[in-house]
């Protein structure tokens, strides 16, 4: 039976459908990685993490930042910096830990990703959602597709 390490919640909704859909993909991906680890499929979990968490998150971040820039979101630079720090942390610290470390190291990295995503969606992402709503800006973009 599939388990969830992170459960999607209405509390995560930004009010921007495309971004909420992208966040749901990231949440599902972390749950898929968790289940692959529990099934002893560490190599598949690693590949999924690289393909979806690293690559898809980068596309998602770019999408968010482009929309924020287009509409003049005032906290764009801070938000962009948060994304840059996350990507750098994943590439420089988590990926080597996952590649070379034990299963516990992998699980620790996964816990970090869950915590970061939860906090990031619940705070800075909700903040931009509220800003767009206050300004009466409706985003009609489609969610970035999975490769």
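Even glycines carry a Cβ here, placed using N, Cα and C.
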Of 64, 99, 140, the one that Swiss-Prot places in the same Fe cation 2 site as 79, 83, 120, 125 is 64
Excluding near sequence neighbours, so keeping only residues 6 or more apart in the same chain, what lies with its CB under 8 A of residue 60 (Fe cation 1 binding site)? 19, 22, 23, 25, 26, 144
